[in-house]
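Feature annotations, reproduced from TrEMBL:
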type	residues	note
BINDING	24-31, 71-75, 132-135	GTP binding site
DOMAIN	16-183	domain 'Era-type G'
DOMAIN	206-295	domain 'KH type-2'
REGION	24-31	region 'G1'
REGION	50-54	region 'G2'
REGION	132-135	region 'G4'
Amino acid sequence: MNILKHEESTAVDGFRCGFVAIVGQPNVGKSTLMNHLIGQKLSITSRKAQTTRHRITGILTSETAQFVFVDTPGFQKRFRNALNQAMNRSVTTTLADVDAILFVVEAGRFGPADQAVLELLPKDRPVILVINKVDMLPNKSALFPFIEEVAQSFNFAAIVPVSAQKGLKLDVLVSAIEPLLPESVPMFGEDQITDRNERFLASEIIREKIFRMMGEELPYVMAVEIEKFEEETLADGRELRRIYAAILVDRENQKPILIGKNGAKLKKIATDARIDMEKLFDAKVHLEVWVKVKSGWADDTRLVRQFGYE
Ligand SMILES: Nc1nc2c(ncn2[C@@H]2O[C@H](COP(=O)(O)OP(=O)(O)OP(=O)(O)O)[C@@H](O)[C@H]2O)c(=O)[nH]1
């Protein structure tokens, strides 16, 4: 991340600015939460668990504070290969460098896996318990005993029930985070939403479309590699991006599943991705996507590094 250290900036008029990590079990709604907090869809979400492999920074700037959100990958226990070790390392590194942590759980659910996430958190950082998906609770009075139960497990700086998807009580959450941040001038320009570049965002968008399209059909082992990313300005002044992307699968027999009958699935993935990219980049996009087999890549530490997972 291209960031200034707090010591280098001087406090101005009580303005606050700092890093906020979002942690929690897979599928509790971390990506949805960050997207709604920053008001633009950059991180990827899908019904399939564990789709967020990259650390993504979203920035929210208000009149009085700047919140730099860090979205961490799901804590993984199921598959132990090089990729997951890299992901867990990235979680630890992220948490060592934040001012506040949002620990997200699903309303009404607090199990051993949530407890395990809590135990991994640094003890010297303020942690806000975010109880998400309150819209799914059939009976709102169930919330109070649930809060009491979870509150016993940790000394939380605040407890805020929200619905990330419906945008409920996110203002309360923002107000709870603000006093936890150090006084500092903003680190990023107001219009900067992410410090990730377009090339990275292009691969995230394609990955999201694949997950949406394939649902449970596609095994988890999959990556998108942007092989070429070219920018040019057209004669009419509009911007054009030419993007060539490869979807990497682990086994030959996964290829036809992704491509679909007469290429229909791959075509839909590419079309949907292109539409999103044109909006996000405010440019015309020429996108070519194909599928490649790279056997055993998730077990190869060197390859994992090459794809930027470290
Ligand atoms: N009903 C309801 N669903 C939600 C809410 N927030 C998120 N979801 C859904 O929960 C699912 C998982 O959300 P994500 O944001 O991808 O979860 P995540 O924690 O980032 O998941 P990983 O990337 O796997 O760690 C998606 O289908 C969301 O639409 C909410 O407030 N209410």
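Each residue, glycine too, has its Cβ placed from N, Cα and C.
Please treat TrEMBL annotations as automatic predictions, because they have not gone through curation.
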Per DSSP, three-state class assigned to ASN27 (GTP binding site): coil
Composition by DSSP (helix, strand, coil) of residues within the domain 'KH type-2' (206-295): 41 helix, 33 strand, 16 coil
Neighbour-count leader, CB within 10 A, binding-site residues: GLY24, ASN27: GLY24
Average model confidence [pLDDT] within the region 'G4' (132-135): 96
